[in-house]
Amino acid sequence: MEENPAMSTPTNDFDLNDALAKSHFYTGLILAISSSVFIGASFIVKKKGLLRINSKGQTRAGAGGYGYLKEWVWWAGLILMAVGEAANFAAYAFAPASLVTPLGALSVLVSAILSSKFLNERLNLIGKVACLLCVLGSTVIVLHSPKEGNVESMEMLGTMIVEPAFIVYVIFVVTAASILMVIYAPKYGTSNVVIYVAICSVIGSLSVMGCKGLGLALRETFAGRNEFTSWVTWVCLIGVIICISVQMNYLNKALDVFNTSVVTPIYYVFFTTFVLIASAILFKEWGNLSGEDVLGSLTGFMTVVCAIFLLNAFKDWDVSLSSLQGLL
């Protein structure tokens, strides 16, 4: 009997026996891997740009300087990041989120490898193990986290973003970021990597929600319905511009003061965690989690906590494989 199209499998469930599904799957896979390579490389190129600014005697980004805006190397890094984010966004159109999101962890590995080669930043054995644990823990969290619900129109999204739970989250983000920027960043920003990274991450979670809204608006507009007349579209656009501006400012400060091999995995972990929280609140998917998924999420989170502790507590230790072999 001929299959009823209305009863066909959802787009997220890929049948690799189908030629079109195979094409979509591998296209998404290539886009996701390419995204990680571009984003991981962008951290290194932007860091090189910041180092060039420092060598010229200009005010460092960590001290509030904005000389990097005149440095072409920094802009090259920003373009690489933009290309990577665009590839990541496109990957979700072809492959399931359970494939695309964990592959974002590859950017941590790319950045760690390139920083040791091009920036001469040293990462000891414990740091390398911590990076691996960051990747594993974050991947477990993503795999067991609730998946985003379907939003079919800007009207539906407009209803969701004004619901109390998401408004409370937005207030939390604005309050937490303001406290960190005004009180803690001036005192501890240059000595504690978590301060700058936390600001980037909480603000970044809202920028991702805004980008998803803009993506929906573009999709609907290309389909023949002009969504740029909707207030929701403009709220998303203005929110994205503001959030990304703040996010990039404090990410530059973090990269200027701390080693890329330390900033990248911590930023990935914090950013991924807050994006998952924001997405879960906005799309209300936590209620569908099974007991296995809850346990998996908690296990992944604890793995990440341990990894961050190892990365920060032992970053100055002279630990290598050869030194460990000498103790045996």
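Glycine is no exception: its Cβ is also placed from the backbone N, Cα and C atoms.
What TrEMBL records for 25-45, 89-113, 125-146, 166-186, 193-219, 231-250, 262-283, 295-314 is transmembrane segment.
Segment contact is absent for the transmembrane segment (125-146) and the transmembrane segment (231-250), given fewer than three CB pairs below 8 angstroms at sequence separation of 6 or more. Here the transmembrane segment (166-186) does not lie next to the transmembrane segment (25-45) in space: the count of CB pairs under 8 Å, restricted to residues six or more apart, is fewer than 3. Taking every recorded stretch in 193-219, 231-250, 295-314 and counting its Cβ pairs under 8 Å to the transmembrane segment (262-283), the highest total belongs to 193-219.
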